[in-house]
């Protein structure tokens, strides 16, 4: 083929020339989609978030706080890939030595002949390992520790991160290597580095978790190959990390008998429904202003719910009482759909009235005390019914009487306001 240069239009006084493309454009129907099919990683919850697995040539950015378990998860992914894909996997660490990674692999039981390790901080050396190993999967831990010569700045700087990421994306696309980059986060939980970093990659995942809890969540933020709102659940343990296909049990407490100050709701994490228990404790003020202590809930929404309860309900005095509210199992629930459960838990604790353990409450509470509609109510009810809950309080227009669909084994009651919800909850507890 002979390359020819054709005189084109001018931009800012300069002539823009066109060239013969390296490959001609083809009708879309003649292009095979097989090379872009996702391949399962062997880690079910990660595959759930990715939309079925890793696509050859795709670049994934996994960001999370230090110590949350990013390296542990990806070492497990690399081992599963080496076992099941038929091609090698390469883990390049810029933060640990190969001996340190080997010790973690021994503890996790992830040793395999097709799993290769290297410790590098130079991009050219990383590319050299790719030439030698020819992996199907590359894990780079982390992109902030790699630098390239010829580019100004220190490793982890804006210029270096942009240059390293752009080069790795180009190599991954050219050779069809599924690539996972580990990224750092800032104090407010955002991906560290230039914003262009998130634009360069195909998938952005956030790895979340409390160091005092074994629960870990992988949340999809951007995904060119699937839904961007999926969440994967994992559990950390001494042997490493494992998928949680049914995590709702972590967020519930089984009592021998009903206890005041508790109520169950169903939260949505992405497209997954999680049955979650809300607990509240009401106590006398020791000195000064009463405290409002929150764990796992939105403090602003709790303050609003307390104000509504104080104003719209009888026999409940909260302005001079200390209120402690929390979720069970370390999960964070900030969506408005948990308002009704928070209100019932607080009222239950304040009135010393135990709510039936087989009851769930779903709905947003407005400033006038009304219960507002929320999304995905049928999915929430189905999950609650699957776990054996018998009674549900939902907003108007969300029950089977309005939608014509709902779990047959569950009594679903539509409540218009907080006061009627308290009445129905008390009636269900007395039955």
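The backbone N, Cα and C atoms fix where each Cβ goes, and this holds for glycine too.
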Of 212-216, 217-221, 222-226, which span is tagged motif 'RadA KNRFG motif' by TrEMBL? 222-226
Counted with DSSP (H/G/I as helix, E/B as strand, rest coil), the motif 'RadA KNRFG motif' (222-226) has 0 helix, 2 strand, 3 coil
Going along the chain, which residues at least six beyond the ends of the motif 'RadA KNRFG motif' (222-226) come within the CB cut-off of under 8 Å? 36, 38, 49-52, 55, 58, 198, 201-204
In DSSP terms, the region 'Lon-protease-like' (322-431) comprises 43 helix, 24 strand, 43 coil
For the binding-site residues 67, 69, the largest set of other C-beta atoms within 10 Å encircles the C-beta of 69
